[in-house]
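Student: What follows is a structure written as structure tokens; I'll ask about it next.
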Amino acid sequence: MNPTQHTGINPDRRRWIALIVLSLALFMASMDNTILNVALPTLGRELGATTDELQWTVDAYQVTYAGFLLVAGGLVDRWGRTRTFVAGVAVFGLCSLAAGLSTNTTMLILARGLTGIGAALLTPSTLALISVLFRRPGERTTAFAIWSGANSAGAAVGPLLSGGLLAHFSWGSIFLINVPVAALCLVGAVFLLPRVRAERDEDHIDWPGTGLSIAGLCAVCWAVISAPGLGLFSAPIIFAFLGGIALLVGFVWWQHHASAPLLRLSLFRSRPFAVSVAVSGLVTAGGAGALFVLTQFLQFVLQFTPWQSGLSIMPVAAMMLVGAILAPISLKRIGIKRAVIAGLICVALGFTLLSLTHVGMTYLQMLPGAMFFGLGAGLLMPAATQAVMDSLPSESEGAGSATNSALMQVGSAMGVAITGSLLAWRYREVMSADAAVRGLGEPLHSDILASVGRAFDLSSGGAHPDILAALKRGFVSGMQVGLGASAAVVVLATIAVAIFFPRHPVAPDEAEIEGSEPKASPAP
């Protein structure tokens, strides 16, 4: 039965209200990607977490998010878009409750990983439902911009909300806030979302592919995160990294032979699709890594409170929204390729400016770099998203959107892992060479090397000004290396888009009318 018969809402108006429900759910999932960053120093202090454990509280969510997104794409096509959305929101809300009630880091990491499964189910279903609700090109562009704006806003608002909650409540509140939001989305789904028939009737789910992808990602992330502490060429790191790569290669091989693969490799024959998902993943990696270190820089080096740190991220959120608002205009006037390049240039400039941060720099001095990043991300994400969806036939929209979202989450997980690892490596290198730190003796010396948060806590209160100065130098030096690497990657992505992205992609309606894979696009 059509939900309109229950609500009495005009069908055209109902579509836009349904878009609000979908955007709110995506906002919640996106916010959970970043809401933890401001709370990392608090978690390190109250749960006694090491630097590696703090990285895993962030990456556990992102790794399962990425791995199960590929399953979710198939479920969207098999179960139906609305049913998958409802399942995802329910899992997300229940696991957020478990995370908020955690009593140790192990329990928190496990709950975060399960929450990522819920996010994986709801994310591609939101995009696939928008594709059903909005078929006209002009409306589709607007809807994608709103969807992308909700995604960007959630990521940017997360730190502010986290800071506000930590100022008045315990750290568990940053997860418990999701519970009423999830309940509201479930009510909206029941009364507003369409009952769309599943695109395919197969019941088979590629669980071997799921296991290979998640195990491979976990192994690679563990190797990257643990390398600074165990040694880059230590046996566990080499074994885990090579084992993870082997699992991921096995995953690709399996996708060639599986009867119902998670990842339709044929989608990558479309150049707009392949380039767009790669760009989205790289920019997401840089953004996640930057936020991971910047929120800690604000608290450790500039000595902001969690609330001040969250508030300090708001200009980034504002610029992301500005970029999302400008995106439809830029798409109409200059086209997808130039819009993506313009966004990438802004992101690269932002990362470059942030990589020049030094110990004596004030917040206002580092703000321009953060704002350029926000503007660039807001501009290019709608363009990249539209390029992805426009290159897909309708029966592959669920799998295609899941692939796009999965690679963005892979980028996010690897961005935190790599940037955090570079930060930890450089920090430990500087601390190991500092005479004042070496003179502390054990176990203080080991504590300072193992946990940045614990190190700053030990030196707080003005008792060890020389140690505090060394800690700030070490942290900022690591931050410069991590953000400099992010800038270099985005510059390479900009060059790749300029060379490989088609000058004239397939027209929006053409692939949809044909009901087949998009035709090859002409070379640039």
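Just so you know, glycine gets a Cβ as well, placed from its N, Cα and C.
OK, TrEMBL features for this one:
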TRANSMEM  16-40  transmembrane segment
DOMAIN    18-505  domain 'Major facilitator superfamily (MFS) profile'
TRANSMEM  60-77  transmembrane segment
TRANSMEM  84-103  transmembrane segment
TRANSMEM  109-134  transmembrane segment
TRANSMEM  146-167  transmembrane segment
TRANSMEM  173-193  transmembrane segment
TRANSMEM  205-225  transmembrane segment
TRANSMEM  231-253  transmembrane segment
TRANSMEM  273-295  transmembrane segment
TRANSMEM  307-327  transmembrane segment
TRANSMEM  339-360  transmembrane segment
TRANSMEM  481-501  transmembrane segment
Student: For the transmembrane segment (109-134), could you work out the same-chain residues 6 or more beyond its ends whose Cβ comes under 8 Å from its Cβ atoms?
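Tutor: Residues 15, 18-19, 22-23, 25-26, 29, 32, 36, 53, 56-57, 60-69, 71-73, 75-76, 81-82, 84-85, 87-96, 98-99, 102, 140, 142-144, 147, 175, 193-194, 196, 385, 389, 394, 397-398, 401-402, 405-406, 409 contact the transmembrane segment (109-134) from elsewhere in the chain.
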Student: Look over the recorded stretches 60-77, 84-103, 173-193, 307-327, 481-501 and say which has the most C-beta pairs under 8 A to the transmembrane segment (339-360).
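Tutor: Answer, by Cβ pair count: 481-501.
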Student: Across the domain 'Major facilitator superfamily (MFS) profile' (18-505), what does the pLDDT come to on average, as a whole number?
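Tutor: Average per-residue pLDDT within the domain 'Major facilitator superfamily (MFS) profile' (18-505): 83.
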